[in-house]
Amino acid sequence: MALEHLFPSLLSALFAFAVGSFIIFKAREKINILFAIFCYALFIQALFAGLLYIAKEPVGALQLDLISVVGIIIGIASFVHFTAEFNKLKNKITILITNYLIAFGFLVLTFTEQIFNSVVMEEAGYAGIAGPLYNFFTAYLFIALLFCVWTFIISFITAKSIDQKNRIKYILASIIILGITALLDMFRKLGIFTLTNIDLTRFGIFIFLIGISYTIIKYKLLNINLVIKKSLVLGLAMVITAVLYVGIEKFFEK
């Protein structure tokens, strides 16, 4: 059972690492580096959240869980920075200072076990138990998501180029899906709302990366011009179908 849950997490992690490395390789502009860092943060979160399923003892499981939280924090901070740079916000400096100060604060709280302070053995493997300040961490993710979504909505409305509107549209849709899956997982740990007992974030990451990859290929997001072969498209479609099948099957099993 643990290995079945590990597979989607590892696949999402590898996909995130591949997309981040590709973006860095193709163009090393500031905005590309920021987005690549975000992808690497998703890699950290998905990888260590997946390894949590096969952890052998509670102490090691808690450490894996805390490292996955570090990935979330780095991901939030880097995407907020990316949002400010991509949309050329006028008050960017103030936003970035606030962004990184808050992120640093949550990193400290993570390693002092205020976000997660223990783990519990469930059917699929170990899972983190929310610490005393986990609700503040959930609020942090929610506020950051609202900021990014609102900023991209405004940019979409004011964009004059059709291609730019399409780029923003797919970024917006992708980050909303990722944000919602992460929030649903957080609400489940808080006992507020449980849609399913499986980890949805890993599937959110995968769908997000599909959306971003499509935008890079179709609309040259981040100034990347990519030509791909039909065989690669077919192979990727097969992998995507397999992952979605596993996800849907596990969802309805629960």
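Placement of Cβ uses the backbone N, Cα and C atoms for every residue, glycine included.
The annotation transmembrane segment is assigned in TrEMBL to 6-25, 32-54, 66-84, 96-116, 136-158, 170-188, 200-219, 231-248. Annotated domain 'Histidine kinase N-terminal 7TM region' per TrEMBL: 10-224, in sequence order.
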Exercise. Given the cut-off of 8 Å on Cβ pairs that are 6 or more apart in sequence, determine whether the transmembrane segment (6-25) and the transmembrane segment (200-219) share at least 3 such pairs.
Key: yes
Quiz prompt | Range from 32-54, 96-116, 170-188, 200-219 with the greatest count of C-beta pairs under 8 A to the transmembrane segment (66-84) | solution = 32-54
Exercise. Taking the transmembrane segment (32-54) as the first stretch and the transmembrane segment (136-158) as the second, find out whether 3 or more Cβ pairs fall under 8 Å, excluding pairs closer than 6 in sequence.
Key: no
Quiz prompt | Positions on the same chain near the transmembrane segment (200-219), where near means CB under 8 A and six or more residues out | solution = 8-9, 11-12, 15-16, 19, 23, 39, 42, 45-46, 49-50, 163, 166-167, 170-171, 173-175, 177-182, 184-185, 226, 228, 240, 243, 247
